[in-house]
């Protein structure tokens, strides 16, 4: 595997996916401090929004400390070389949110759908291209679709105007061979000028290995987060990815030492709990469950007395996907009733 001289764009997730473990309560000062550190370290693209994207502030997903406008308005003017991106999920974010992001100076918009629902992205992708934004299609929970199925979905996004398409391992479920099969097929099917990206999670400790496998397959954009701050066991840890790429001769443009300092000095101190592979986040990866379900399942555990792991396994069995957060509590109630019924039978 010789990737010497290969150039990739490292895309930071700390200030968007990292909002999940922060319960979307990151302060403006924290946001600005980390963004400036990433910018100074040479990170070229930084995502800033609610964890569930533009318009994510809601009862279903959680209310943030500040609005998307406030976060973006605070960060964008401070950037010296980095561009800022925003995530948008059709059905949560609207075309008005997209226009607002453009007006504030957002460079890249990533339109995200479930890996079988690319058709709902047409309006937003088409508008983003009309606004001359760097326009990315983002296929989530990619392990739930076959390589052939993902090819069809990626080509739809490309036809709407996406100049880059992401294969997204939202559950941290995929192994390197899964990544190669999917990204290899999609890379072959897309136009040569359409970029390919990969977004990984570290629930099975595969974040780095999967990202390198993606680069092997022609991916030129790779997502990562400082100190791994993200949903579940976190995203691919940025400082480790940059170091591995440096060892392999893959060019990121990110300073190996400065990015470590961002993680240690700025990100780790604001963590509400350690981002690590505990039994619940491991279960996310093993059972193929959407990463941001983790804290919802932990809350349901406290409320109904059903272990989060048991809830997550059941969610995986049911094939629940992002957007069905309201079903987590329903699942916990069902499991609690089943436990109570079983206990009564044993007692009898």
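Just so it is clear, glycine is given a Cβ too, placed from its N, Cα and C backbone atoms.
Pulled from Swiss-Prot, these are the features on record:
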DOMAIN    8-260  domain 'Pyruvate carboxyltransferase'
SITE      16  site 'Transition state stabilizer'
BINDING   16, 17, 170, 199, 290  substrate binding site
BINDING   17, 199, 201  Mn(2+) binding site
ACT_SITE  20  active site, proton acceptor
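Structure coloured by features recorded in Swiss-Prot.
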{"residue": "16", "record": "site 'Transition state stabilizer'", "contacts (Cβ under 8 Å, 6+ apart)": "47, 48, 49, 50, 51, 53, 86, 87"}
{"residue": "17", "record": "substrate binding site", "contacts (Cβ under 8 Å, 6+ apart)": "47, 51, 223, 225, 229, 230, 231, 235"}
{"residue": "20", "record": "active site, proton acceptor", "contacts (Cβ under 8 Å, 6+ apart)": "51, 230, 231, 291, 292, 294, 295"}
{"residue": "170", "record": "substrate binding site", "contacts (Cβ under 8 Å, 6+ apart)": "140, 141, 142, 199, 201, 290, 291, 322"}
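For the binding-site residues 199, 201, the largest tally of other C-beta atoms within 10 A is found at 201. Compute the center of the Cβ atoms of 17, 199, 201, which mark the site for Mn(2+); besides them, the chain residues with Cβ within 8 Å of that center are 13, 168, 169, 170, 172, 200, 223, 225, 230, 231, 235, 236, 291. Just so you know, the Cβ of residue 290 (substrate binding site) picks up 28 other Cβ atoms within 10 Å once every protein chain is counted. Neighbouring residues of the recorded substrate site, listed in sequence order and excluding 16, 17, 170, 199, 290, comprise 13, 20, 140, 168, 201, 230, 231, 235, 291, 292 (Cβ within 8 Å of the Cβ centroid). For the substrate site, whose annotated binding residues are 16, 17, 170, 199, 290, the maximal Cα to Cα separation is 16 Å.
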